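Trainee: Can you keep this structure in mind? I'll have questions shortly.
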């Protein structure tokens, strides 16, 4: 290396000073962003899979009530499940609140969640307790929502089609290219529908039905609630979804009529689980017990989510779809929630139904 | 040299004596009275203190390389070359290699908390010390800066791209329970759902997802490059008067969260959309769902990616020396022949790069197929739902990712073949080079038509976005309201002064902070890499170049999951921090800086570097004072792109955001998911406004390069009026 001429010392010095200041500022910025949160004694990390409003409502009420800081991340149930799996060796979350029951059962099956019996357990409805029992008390039901479909009243009137009331109406040629449902490979809602059909009709008849339905489906959406939105917007005449998702649209003023199919229908049990190896197991349990109380279960309705709460002491919101007036199948969550059965049904659906041309 | 070494050595001592070696605890924890509770109380202490006092004696070994370097520095102090130089080189090389090797073994062999700032600084110091040693040995013509840069870039890419990618690809040969299944891999790879040709053969089934993806990417790549070229020609080669407006308009789609373009297109062209409504009432055109599927996705992608190809092409087009065109004209070639045989061949690197970027962007795009895909599946959405969908099949996701990667690899190789070994150098140190020739009329009209169509669409889409934020529920209830903005960005005044009560503030502040930190890092790393690739030759350069493209090619979802898999556990425990977001952005967006840098650099004559080197400047000085000023268009591209992408990307970060570090896009997607389109669109408009301001600021800060081309005397009146008409 040879020596080089330098610029005057003052200019160089100033320049160096400036770059040093810059470097220090950048380093400080990085350090602030990267700094791990000090493990404060009273906090709880919540992965929340119900709607954002509901999550926020629950978390702020919890903080107000207990003084424990609740750090909430909202993600769909499938995303949370994938994340829990990835974080298995070093969990970051303490509790998983809400979301369709199947991923919760799947997580329980893989030992990603922790068994726990809450003192509130006895006050829950039978379906919520059954959810806990089949998972070995690794999860528990916090709400229930029934499957159904909704049609756009304006579009239906324009085409002068009789209002559908049963699953069997959906395969009529009137609805050619007018039905939307999610892809069961991507959406728990649609998987619930697939499993419902199999339980309602028997497997062969169910797949026969789904093949005929396939001719009327204009789009298999990715998200389970999308068909409800499409029906509300008039993008499709009829959407198959959970009734509470359709209800959100109807209450917002969309011309959507909601149908509980006459043959009977399946349902989901929104669940809650404690994460295994959590960093704040104690506060997580406080959150768990608290979330099962009637007052907290009423928060869903406050945020305009009208699922049926699982605590028998909680008031069922008047807007909720009346479960007592619809026919519900006795949904076998143990069987259809297991990963082996689900993988088999999904593969079969993929090969026999989805790949058909219409 | 010695002074530099001294600095690095001091930094090395600081890394083991002052900086926290592991993460955990707060930094000044080693001062008496710091927090003592929790399992990680001492982890924030420097390596030496942990080694002496906390029962981690292996950490004491960290001083050995530093002592070796010190010995090298002292033993041969002051002397140059000869036997002394060789001795110093040996000491320093040993120090660098020893330090890095020890760090690797130590961090993997012993169960301990994730490495912290001290370990990171220590790794860099060892790398630089080793580079000094190798440079003394004559590597890269003895240029320390080059050796260290190659080491640094290569090392960081291996750690932050190679390691996660390998982690996730390994899961391709595992079943869901983690057992190895090599047999299953072949079945998965040849699945008819991926490669089926039913739609062409007429066997009554649909086409495989791989063909869908390829067809879409091909169409989008060609059309996007064409549209980008049209804009670049108008901006550089005509007297079009509103070039600034053109530039701004062409930037708009880039600065829009992809989700939102798809949403606006549905609100416009969906079956119940505004345009469809109009067409059906005015001309009785029946409503249909043509928008859901390939046409809609292609449309959204062309809208979104054209600006990138424009940015690449405009830099290249500006760089084309008019001398050659003037020569062609002097030889009596018509404008068309000049354009076809001189201009077009000279911008081939730009065309190839623009095509490659949009092709790969289309392969990896997630938001648009998600919203508009309908039954048209592409690999990126398939991968996402293989991971998070009801099937929960990570092995399948990895298989699909491998297929997607192989496409990227092919595109990359094809581009290299096409460019070949020709020279595209047109910026040389010869000063004034004449006037660019006007465009042939046919080309000008075609370019204007394409640009007009594109601009019309863009205005429509943005009109929808802008207006939608102020309506209760666009299309259903068009009452004007400010409620969405209030919910998102409300500010209240309370007893404690201002209070940001809006629900969007948290995510907005995090997003801006992360993007601002990621921006200069991305540009610097990208351009440095481009410089190394174009100007230096070293072993394995081709493989190195491909490695840099990897993270860009893999869809964000896979990157997100692979980052969790790779960085959730020590030695690199980064999940849950803001740092992992920054790293994800830097390494994901760096390739654009590299491509832009390569395209621009290959036009700059090497004689300029050589002149600087001959005059005694080192390569760092040359880079800073000669090349960087000429690289300004590339710098703008890299900075703009990384800033904007950090703000708008969804899929890569959806697994990485946490309660503490939530990002705007994750928030918007959540809102759109529950049908709060108004709030989603309002937030998006606010983001767009912020990014426009930032873009103008970047443009102003970096400035234009001055190439010594004359600019006067273009036939302004005619061309401008034609474009306007």
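Easy rule for this one: first residue shown is 1, then count along the chain.
Backbone N, Cα and C atoms are what each Cβ position is placed from, and that goes for glycine too.
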Trainee: Of the ranges B:483-503, B:546-566, B:609-629, which one does TrEMBL flag as transmembrane segment?
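Mentor: Of the candidate stretches, TrEMBL labels B:546-566 as transmembrane segment.
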Trainee: From the ranges B:179-201, B:248-270, grab the one TrEMBL calls transmembrane segment.
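Mentor: Checking TrEMBL against the ranges B:179-201, B:248-270, the transmembrane segment one is B:248-270.
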Trainee: Under an 8 Å Cβ to Cβ limit, what residues of the same chain, 6 or more beyond the ends of the transmembrane segment (B:397-414), are close to it?
Mentor: 168-172, 185, 188-189, 194, 209-210, 213-214, 217, 356, 359-360, 363-364, 379-380, 382-383, 386-387, 546, 549-550, 553-555, 558, 561
Trainee: Are there three or more C-beta pairs under 8 angstroms joining the transmembrane segment (B:89-109) and the transmembrane segment (B:214-236), sequence spacing 6 or more?
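Mentor: These two stretches do not touch.
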Trainee: Please give the sequence-distant neighbours of the transmembrane segment (B:89-109): residues at least 6 beyond its ends with Cβ less than 8 Å from one of its Cβ atoms.
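Mentor: 5, 58-59, 61-62, 64-66, 68-69, 71-73, 75, 115, 119, 122-123, 125-134, 136-137, 570-571.
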